[in-house]
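Note sheet for the following structure.
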Amino acid sequence: MDATLNQPASEPVEEIETYLLLEALHRRYHYDFRHYARASIRRRLRQACQQLGFASISMMQDALLHDEAVLTRLLDFLTVQVSEMFRDPGYFKAIREKVVPHLQTYPSLKIWIAGCSGGEELYSFAILLQEEGLLDRTLIYATDINPTALETAQKGIYALDRIATFTRNHQRSGGRTSLSDYYSSAYDRVVFDRKLRERVVFSDHSLANDAVFAECQFVSCRNVMIYFDRPLQDRALGLFRDSLSRRGFLGLGSKETLRFSEHADAFTEFVREEKIYRRRDA
Amino acid sequence: MMPNGAKAIVIGASAGAVQALSQILPRLPATYPLPVVIVVHVPADPSGLVALFASKCAIRVREPDDKEPIESACVYFAPPGYHMLVEDDRTIALSLDEPVLYSRPSIDVLFQSAADSYGEGLIGVMLTGANEDGAVGSAAIIDAGGTVLVEDPEHAFADTMPRAALARCPSALTLSLDAIADRLAQVGTI
């Protein structure tokens, strides 16, 4: 074979397969993972391949294109998100102490939990707002791309063995009530009170493809953008900036930063150590 | 034995990690020509590793944010509770994917992604530890053409981790902590 036909450093086959599968997933089902951080995607695809019993990513792509059932299973690998209620209690404490006084000045509030996954963050917010007397005048948007996750969030049912962590976090977040006031247990599960989600709109929304849909006073998007590459992260941050009302608040995960984003100048640090930012408006 | 084209060092350690790293990291100069990316299994958050080693080391020590560029002359400790990966553009990627072998951060996850990114330019170091995390990742480094150094299990505080790595990687070099420190300190100076 003529060596000049080859690229100088030949690309690993797995890279080609990964690119093609993500392209197929987008064109066939409109799920867009093309700008997800590649190192994690690679790991998840290897895992999916192994656990779903495919010999290669190309074989998995073939099955994916022709069998919709493979999509559901693959999505669970690609969007896996392990969370807990009141994760990073200091974040919620800072919201109570520093953000709530600002939120209280609004007659009505809109809060967006972007990438709500199984709903842990959503119920944390709902409980916090209830404790602070704000839930009645708040509309919460809980969005995710994974329909299974949205369904879980909508049900508000969690394994009983997770409650000890949730309770400890809630207390450390400055909770004014007992977490057990908000759920009832049955066998090895707990169900959160439906009152907490009366003011919640659950919706399929993609930070990669969809647009702004409401004007919010607070956007919480934690540990979602760590899975995005820089261009997609910039897209999402642009959406948040455009979704926020004047001087609205943005909360990120504890190891996320706006430092490397093209939108860094659109926000100011509000509670630096808890990664709570505020939209910069003159 | 030690590649001149080395681009990065990754280190994995668990039980006994602080002692072992204390024999290695203070030997690296402030101008060390490579980045050193480390996963230590620690239960506590905050881990205190950065504060501890910053006071002992000439080289810069950080717990990175997501997307932070990986620079030479810097030690990066994985944040507690997160997997830490290396992206192809040589930035840090953090993830909250499920623990691997009950561990998050996981040595396997770091080593595998760094092997994908640095290939033969990667040196992996497996130190003391009481589980088998890092064995699969070490094999990935060897498969990608990189080098793996393993702390001599006979003298390690906990020998399970080095033994597991050696079992998966017959071509890895078994060395004392001192010898590992010597090798790492010499990288790039020859």
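Glycine is no exception: its Cβ is also placed from the backbone N, Cα and C atoms.
What TrEMBL says about this protein:
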- B:2-190: domain 'CheB-type methylesterase' (DOMAIN)
- B:S14: active site (ACT_SITE)
- B:H41: active site (ACT_SITE)
- B:D133: active site (ACT_SITE)
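Counting in whole angstrom, B:D133 (active site) lies 9 from B:S14 (active site) by their C-alpha atoms.
Between the C-alpha atoms of B:S14 (active site) and B:H41 (active site), the distance comes to 5 Å. Across all of the domain 'CheB-type methylesterase' (B:2-190), the predicted model scores a mean pLDDT of 94. Cβ neighbours of B:H41 (active site) (same chain, under 8 Å, six or more residues apart in sequence): B:A13, B:S14, B:A15, B:A17, B:S103, B:P105, B:G129, B:N131, B:D133. Counted within 10 Å of its Cβ, the other Cβ atoms near B:D133 (active site) come to 30, all protein chains included. Around the Cβ of B:S14 (active site), the number of neighbouring Cβ atoms within 10 Å comes to 24.
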